Structures are given as C-alpha cells and as structure tokens.
Amino acid sequence: MEFVTLLGIYLCTVLAAVVLLCFCSGRKEGFLARSTSSASQVLSFVIPAQLQRVMQRGLHRFFHTRSCLFVGLNIALQVAVYGEYTWEVFVYCWELQFPLLLLLLPYLLLAGNMGCFILCSRTDPGKLSGKWNLKNVTITITLTVFLVSFTGIITKSNHASLVKVYAYDDVLFRKGIMCPTCNLEKPARSKHCSLCSVCVYRFDHHCVWVNSCIGAFNAKYFLLYLLTLAATATAIAIITAAFLIQVVLLSNLMEGRYLGDEGHEHAVDILFLIQHLFMIFPRIVVMLGFVMLLTLVLGAYCCFTLYLVLTNQTSDEWCRSRRYRSSHHLTPQPPGRQVVYRNIYSKGGWMNLKEIFTPPTVLERKKK
C-alpha cells in the first residue's frame, strides 16, 4: 500500500499548508513569518551566496512583480485536466452510455469560466490615476462590445466625486490620508497596489491567477469566476468518480479476494481498490485526486468569499480588521479612548450582494 500511504501524506501536507496559510494570513508578524525567517537564516549557511541571490530575484519576480506566470500555470493545469478528461474519461463514459448532457457539462462550465476569467482580468477594477492609457481604454471598449459589459477607468478629474461614495469609518479608513505614489487622497475602502502601481477603488486583493487587482468593477466577475471554477472541478470529480465506481461494479471487484504479503487471502477493501484502480487507470486516478483536492480548496475559498460578499467586506478589510482587533486586544487602551471597530458598510445580505453586481456611484448616491 505504498502508493496509498504516499498519496495520503501528500494530501495531508497540502491541506495542512493551506490551513496554516489561512490561519496566519491576518497576522503581520505571525508564526508563518517567523518560521520563514528562521528557515531562511538556517539555509543561508548551506546555500551558496550566488544561488541565494538568484533564488531571491526569482521569488521576487514571481510574487512581487506583475507577470503572467500564474496565468500560464492556470491555463496549463486546465489543459492537462481537460486533456485527460477528453482523452480517456469522456470516451470511456460514452462507451458506458453516460448521458451526453452530463458529459458536456464540464465544457459548458469551462466556457463560462473562461468568459469570467477574461472579464475579470481585463476589466478595470477601479483605478485612481491621473493618466489616460489609450491602450487600456481600447482593450476595455473592445471587450465591452464583445462581452456586453460596462467598464470605466476613473481618472483624476472624477476623483473628487469618488471620495463621496463611501464614508470614512475613522478606524480602517481615515480622511486626509494621501497616497505618496499616486499623490492622491485615498477614498474610503481604497488601497494602493504595489504590483500594479495604482490606487484601486474598493480594493479587495491582487489576484496572481488573473494577473489583476480585484476591485469594485470586477469583483462580480471574480466571484463568478470562482463559482464556475469550483463547479467545473466538482463536475469533473463527480463524473470521474462515477466512471470508476461503474468499473468496480461491472467487474465485481468488491466480491473478489487477494493474497496478502503473508500468503493469506483477504477481502477487497478500499485501500486495495484504490491501488488496483491506479494500476489500471493511473492518469485518471491522479487527475481525480487533484480535482477532488481542488474542489475542497475552491469550495472553502468560495464560502469565505461569499461570507465577505454578504457582509460587505473585502479581503483587505477583513485582514486589517483582524489585525486591528488583535493589536487592541493585546495593548490596553485608556477607558475614555477605546475605539471599537464596526463594519459601517454592511446593509444586509441582499443589498450587499446587489452592491457587488451594481457598484455604487456618486450619481446614485445623489439620487437618494
């Protein structure tokens, strides 16, 4: 059972790493940062200095500069999964007379996912800039006509109007704070993205998988992109698992017996069944393990994103509020100067969801 043991260790390691990253995400100097710093100091005595510089430049380019590396990785993984699904799973399922609509469902979800990906990556998230980039405007207008979507680049001329859309809560966002890079006053719920070198209106986070910031105007596309991606992984996992179960049932494997290492007969169990299927369909089993893990991770992230949407928070605000609460919890405050953070932007679940798909503007606020 060496394969099953290694697969279990691999899945547990990946899940533990994801949980650790989520747990430490809201801490500026948490356990993860200290552990990484300690590990770097230990490895610095082993790895040559020249190799260290090359690794630092490579890691800086991958994670601290805007590039298409993760977009290419995203496309490569989808090509690999859909190539295996089309080459083997679809053909075998068709021979077993699976419903055609069920087999075509992953392709339909892929089309929707690619559309949301293009809209999310090419839509202006809400940039505050004094420059009018003709190339970006041309691309935006082209995608607008082709995909029936409205986008707009916020220029310095309408910055004064944008400041009036959201009120300052005087805790996470304070009036009069200037961005030293853009030389603009930061509106409430905005932040400067160091990767894109712009201030983004209702900044959520910079997503390396779409190579763009997530802001007010593309948050809805990012939400749909996540949901369709999770649905795609779930559909492929269900169809692939149904195919393997059908193979087991048709071959009566569960009623068979096998000889163990001691020479004694044993009834077929789940671990033996997984190993047996891996020997017959290695690529299909590996793909199923990958999409099942992807389904779990994406499902958890979709739930977290939906929580943020329904409570009218961004990822940046959630992290900053956690840091604010933890710092004020550890540092005693004078009784007369205690400041309690409260989310003033939430208007109820339905209105919060509506705000994602129709971001508020200063014109709408004046009508009210």
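Each residue, glycine too, has its Cβ placed from N, Cα and C.
According to TrEMBL, the feature transmembrane segment maps to residues 63-81, out of the candidate ranges 63-81, 196-214. Taken residue by residue, the domain 'Palmitoyltransferase DHHC' (178-320) breaks down under DSSP into 82 helix, 22 strand, 39 coil. Over the domain 'Palmitoyltransferase DHHC' (178-320), the average per-residue pLDDT in this prediction is 87.
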